[in-house]
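What TrEMBL records for this protein:
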type	residues	note
REGION	45-103	region 'Disordered'
COMPBIAS	64-83	compositional bias 'Low complexity'
BINDING	Thr155, Asp229, Glu254, Lys284, Asp288	substrate binding site
DOMAIN	289-450	domain 'S-adenosyl-L-homocysteine hydrolase NAD binding'
BINDING	Gly320, Glu321, Val322, Gly323, Lys324, Gly325, Glu341, Asn444	NAD(+) binding site
Amino acid sequence: MSMPDAMPLPGVGEELKQAKEIEDAEKYSFMATVTKAPKKQIQFADDMQEFSKFPTKTGRRSLSRSISQSSTDSYSSAASYTDSSDDEVSPREKQQTNSKGSSNFCVKNIKQAEFGRREIEIAEQDMSALISLRKRAQGEKPLAGAKIVGCTHITAQTAVLIETLCALGAQCRWSACNIYSTQNEVAAALAEAGVAVFAWKGESEDDFWWCIDRCVNMDGWQANMILDDGGDLTHWVYKKYPNVFKKIRGIVEESVTGVHRLYQLSKAGKLCVPAMNVNDSVTKQKFDNLYCCRESILDGLKRTTDVMFGGKQVVVCGYGEVGKGCCAALKALGAIVYITEIDPICALQACMDGFRVVKLNEVIRQVDVVITCTGNKNVVTREHLDRMKNSCIVCNMGHSNTEIDVTSLRTPELTWERVRSQVDHVIWPDGKRVVLLAEGRLLNLSCSTVPTFVLSITATTQALALIELYNAPEGRYKQDVYLLPKKMDEYVASLHLPSFDAHLTELTDDQAKYLGLNKNGPFKPNYYR
């Protein structure tokens, strides 16, 4: 049985009829406009095709990638606040001054300082322990007379550290330890505040060493302390300015690579100043290396590739604290994770944590992602890269850019295509593509950001190490590499506990005597890691 046609409501029929006539008229008008100007549409398409024939300054990219790039760039680490004409001029060629008339800096654009200042203020809110240290010691000025030359990542978090050192009495000159990790607006804010900073995102290799040299080589100013991340600054001063190096009162180093270089100098009898190995302090190893990487590895990979990890096969080279953090995050998202290791103890830990320990050659053809975090060199060679599957993602979470043999990929038969900021497709003659992130440099700080709170722990450790070395009486530290005293490690940890409203249990006198400890610590021996 068919339903009767719906009857229009009284008085509405005429209105519906008029609306239908208007709709038809608009449709006809739109179609007429389209059909009258087909050439205009075709011309637009031709224009776009002509546009795509010419590679941009940063390499060939599709229109869709150019548009989507803004969504992958972070306001605090990857975004550019300068127009295209400004990008064409190297900061070394610009004449810039801050509001006080000083030009003792070299940054991308000093006009970004106001935005950078907001970034620093936001970081300060989650770095309460470092701010607390600043307030406690500000009156005493324990770094009065210290002339610190630094080479670290220049981010909002390290800016809080630099300004803390200045508040404690130090004079600072700073450069970046990574050519991709500098936050331009933060560098501008530091320059505006009077810090001699020489750094910008996207430096060339020549720019990198020029910036370091500008920090060290200044008439009427000579460094007496070094804060380094990677050892490049220490190496430069040692090689180029040996007289300056001999007068340095202390070196603080926070990376595996830099510490390795210091131990090499010490073993060869060429280390003529005391150095503090912050990398192997408990507060660096257990927190920055582990927890920071556990969160930032996913951030970096997601921003650059939009990859889904569930079911993906991933090989992580190295199962130290960085590797442990990466693997925990990847496993939690459903990835199938393999480990490569040279150390049987770390390898056994990986097995006990449920991972398969393999040689890279055994899985290189089948994995979807390769992550290095060993601190070594040539961990991933050209032979490995040749055998990878199409669209395999390759990245590095170690400090140095030596882990992946990127140099071997710069050959005539391979084509490089820049598809996003810090994302290159390396294309083989048969069409296979390998996705290389940050040109083999540190992924998280080059392509994303890292958790502010955990960097507060490392920054506080660095500040205390500088204070200790600078104020130590003559003879306490000889020309060697030292670990941070455990009492300082525990003090750094205690400064951060109020953020969690944590309450420590206190030993009774009888318990302290039983354990052979002081009630106030240290609670672990110096060799504990």
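Please read every residue number as a count from 1 along the shown chain.
Each residue, glycine too, has its Cβ placed from N, Cα and C.
TrEMBL does not curate its annotations; it predicts them automatically.
Features as recorded by TrEMBL, highlighted on the structure.
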{"residue": "Asp229", "record": "substrate binding site", "contacts (Cβ under 8 Å, 6+ apart)": "Cys151, Thr152, His153, Cys177, Glu253, Glu254, Ser255, Gly258, His399"}
{"residue": "Lys284", "record": "substrate binding site", "contacts (Cβ under 8 Å, 6+ apart)": "Glu254, Val278, Ile457, Thr458, Thr461"}
{"residue": "Asp288", "record": "substrate binding site", "contacts (Cβ under 8 Å, 6+ apart)": "Val454, Leu455, Ile457, Thr458"}
{"residue": "Gly320", "record": "NAD(+) binding site", "contacts (Cβ under 8 Å, 6+ apart)": "Asn289, Cys346, Cys373, Thr374, Gly375"}
{"residue": "Glu321", "record": "NAD(+) binding site", "contacts (Cβ under 8 Å, 6+ apart)": "Gln285, Lys286, Asn289, Leu290, Cys293"}
{"residue": "Gly323", "record": "NAD(+) binding site", "contacts (Cβ under 8 Å, 6+ apart)": "Val316, Cys317, Ile339, Cys346, Cys373, Met397"}
{"residue": "Lys324", "record": "NAD(+) binding site", "contacts (Cβ under 8 Å, 6+ apart)": "Leu290, Arg294, Gln349, Asp353"}
{"residue": "Gly325", "record": "NAD(+) binding site", "contacts (Cβ under 8 Å, 6+ apart)": "Asn289, Leu290, Tyr291, Cys292, Cys293, Arg294, Glu295, Ile297"}
{"residue": "Glu341", "record": "NAD(+) binding site", "contacts (Cβ under 8 Å, 6+ apart)": "Gly318, Tyr319, Ala347, Ala350, Val357"}
{"residue": "Asn444", "record": "NAD(+) binding site", "contacts (Cβ under 8 Å, 6+ apart)": "Cys292, Cys293, Ser296, Ile297, Asp299, Gly300, Met397, Val450"}
Rounded Cα separation (Å) that holds between Val322 (NAD(+) binding site) and Thr155 (substrate binding site): 20
Overall pLDDT of the domain 'S-adenosyl-L-homocysteine hydrolase NAD binding' (289-450), taken as the mean: 95
Other C-beta atoms that fall within 10 angstroms of the C-beta of Glu254 (substrate binding site): 26
Entry from the binding-site residues list Thr155, Val322 having the most other CB atoms no farther than 10 A: Val322
Greatest inter-residue Cα distance in Å for the NAD(+)-binding set Gly320, Glu321, Val322, Gly323, Lys324, Gly325, Glu341, Asn444: 22
